[in-house]
Amino acid sequence: MGCSSSSTKTRRSDTSLRAALIIQNWYRGYKARLKARQHYALTIFQSIEYADEQGQMQLSTFFSFMLENYTHIHKEELELRNQSLESEQDMRDRWDYVDSIDVPDSYNGPRLQFPLTCTDIDLLLEAFKEQQILHAHYVLEVLFETKKVLKQMPNFTHIQTSPSKEVTICGDLHGKLDDLFLIFYKNGLPSERNPYVFNGDFVDRGKNSIEILMILCVSFLVYPNDLHLNRGNHEDFMMNLRYGFTKEILHKYKLHGKRILQILEEFYAWLPIGTIVDNEILVIHGGISETTDLNLLHRVERNKMKSVLIPPTETNRDHDTDSKHNKVGVTFNAHGRIKTNGSPTEHLTEHEWEQIIDILWSDPRGKNGCFPNTCRGGGCYFGPDVTSKILNKYQLKMLIRSHECKPEGYEICHDGKVVTIFSASNYYEEGSNRGAYIKLCSGTTPRFFQYQVTKATCFQPLRQRVDTMENSAIKILRERVISRKSDLTRAFQLQDHRKSGKLSVSQWAFCMENILGLNLPWRSLSSNLVNIDQNGNVEYMSSFQNIRIEKPVQEAHSTLVETLYRYRSDLEIIFNAIDTDHSGLISVEEFRAMWKLFSSHYNVHIDDSQVNKLANIMDLNKDGSIDFNEFLKAFYVVHRYEDLMKPDVTNLG
């Protein structure tokens, strides 16, 4: 009997162990599938983000093209607003920007006292936690005072650490004020004993960019030797037009917003472009290339880099009498080439410009070599060999950079020689990623600190968080798909030799990759985007189900509507450049002239009669003017309500 009892217990124990192993294996598989879905969603967000940045960089070639061809398209003297070509001599003095703006007694927000002290930092933090707005007078004064100090600084700040004085490196914040509050809560406020480096991209995307900028600038003015600011690719007035900071300023400072934007352009240009810690760690926003020349970058006149979208122009030194001037000091000669009013020394050389672009825009890759950053459209991809070459050349040990969202807030690559740090948590969607910062001390290994701003969604189970993130990613991907409906339909039909309305998943994926230019796992995504029949074939017109572009003018041709929707961000920037008085209005003739240039440069094939008809319809009161910004807002995507509300039964894994 004793043996029988022992045998039974053994069998039960074996059964329990097998059951535990089955559950464990199932759970591991479940977690792996969730992680795969999360990875696919992040890939969608990142691919679309980089494609938008590529479009933004392509605007630089358009602006050059526009200036070179402007007189050929439109013989009358149209006025262009080009902030980057205004000289500082044309800027009004401090009185016009700061002292002429009174702070009324009725203002209940924070009142700063210059010269600033740590009390002002505390005052500002408490006010912003209460969602108060800093008066425009103080915003302008802070920017003026910060610019004054920045102008005295070198291109690269050199700092030293010690066992009793670590330095904290923060990456992109992108207007995420709660992340900055959390960093200061966990790590302490900036001080002589607690120095910080903020590695660019303070602004854009998030809704509190001006608050972050004011906290950083005030802290910098109080501790100029202990808080260090590096320029990122979003510290650029042209980037701000697309990614939200310009709109934030104009919304919060309706009366004085334009003045703030003008000063910001100069402020950005004077930001240092890098920091070197203990003579061995290079801290820059983007990365390097095989031709990165730190000696040149130490010497370059950084304030000449107003915007990455305004590349160096061809300076014609001949005194051509047959020339045409516009409002901003640009001269077109008889051949349509650009001349600038002033000496060539007022502008960066092309080589200098490319050097700065590389350190602001480049990304590391695992593959050796250096090749164009085709995803972003600017900078390059650099491999481990390039990292070793540049670090060895300048006797450095490590490169710390930001510029890329990472799921854990940081990433180490290139045999530990390159570290990416990203400080904006929940960047794409609630729960999408952690933020992180680094603490450095001479002779020790970098220490990483992770965090995540917690809101209601962050307390949800992982499955629900992944569902939310996945649904959001698929939604923006569908919006990209519908903007190319005509092109995709033609591509599908070319593959559909039997005219069946169906393609193999491989054929469908080939069309999506080819037309949209997004490097995504289309086969894996197919179950979320299209209907697949029992034989595994894609009903390709279902790519456009449950979504449409709402068009404000019903008479407009669908191809024109798709084109306007697809390029709406680019067009908004271009037409804001024409709107010299910020009225929001442009003339019908300006619209037609600039559309010709735009369609020619972007190879957009739209019949002129459609554009002329649309221009006339847009001129609602027939006064010859178009409220173009309002018109563009009218083009938006409508998702079918039921589709957004029903629970998601498919997944990306």
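Using the three backbone atoms N, Cα and C, a Cβ is placed for every residue, glycine included.
Positions annotated as active site, proton donor by Swiss-Prot, on the basis of similarity to another entry: HIS234. Taken from Swiss-Prot, the feature Mn(2+) 1 binding site applies to ASP172, HIS174, ASP201. Annotation comment: Swiss-Prot describes ASP201, ASN233, HIS285, HIS403 as Mn(2+) 2 binding site. The feature Ca(2+) 1 binding site is assigned by Swiss-Prot to ASP579, ASP581, SER583, GLU590. The Ca(2+) 2 binding site annotation in Swiss-Prot covers ASP619, ASN621, ASP623, SER625, GLU630. Residues annotated as domain 'EF-hand 1' in Swiss-Prot: 483-518. What Swiss-Prot lists as domain 'EF-hand 2' is 566-601. Feature annotation from Swiss-Prot assigns domain 'EF-hand 3' to 606-641; the stated evidence is sequence analysis. The region 'Catalytic' feature in Swiss-Prot is assigned to 121-455.
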Looking only at ASN233, SER625, which of these binding-site residues has the biggest number of Cβ atoms within 10 Å around its Cβ? ASN233
Considering Cα atoms only, can you say which of HIS174, HIS403, GLU590 is the nearest neighbour of SER625 (Ca(2+) 2 binding site) among these binding-site residues? GLU590
Please list residues from the chain of ASP172 (Mn(2+) 1 binding site) whose Cβ is under 8 angstroms from its Cβ, counting only those at least six apart in sequence. ASN199, GLY200, ASP201, GLY232, SER402, HIS403, CYS405, PHE422, SER423, ALA424, TYR427
Which residues in the same chain, at least 6 apart in sequence, have a Cβ under 8 Å from the Cβ of HIS285 (Mn(2+) 2 binding site)? ASN199, GLY200, ASP201, ASN230, ARG231, GLY232, ASN233, ILE359, LEU360, ARG401, SER402, HIS403
If you tally other C-beta atoms within 10 angstroms for each of the binding-site residues ASP201, GLU590, the top scorer is ASP201
Cβ contacts within 10 Å for HIS174 (Mn(2+) 1 binding site), all chains included, total 25
Residue counts (helix, strand, coil, in that order) that DSSP gives for the domain 'EF-hand 1' (483-518): 23 helix, 3 strand, 10 coil
Give me the Cα-Cα distance between GLU590 (Ca(2+) 1 binding site) and the residue listed as 'active site, proton donor', rounded to a whole Å. 29
Calculate the distance in Å between the alpha carbons (Cα) of ASP623 (Ca(2+) 2 binding site) and HIS234 (active site, proton donor), and round it to a whole number. 38
Setting ASP201, ASN233, HIS285, HIS403 aside, what same-chain residues sit with their Cβ within 8 Å of the center of the Cβ atoms that define the Mn(2+) 2 site, listed in sequence order? ASP172, ASN199, GLY200, GLY232, HIS234, GLY286, LEU360, TRP361, SER402
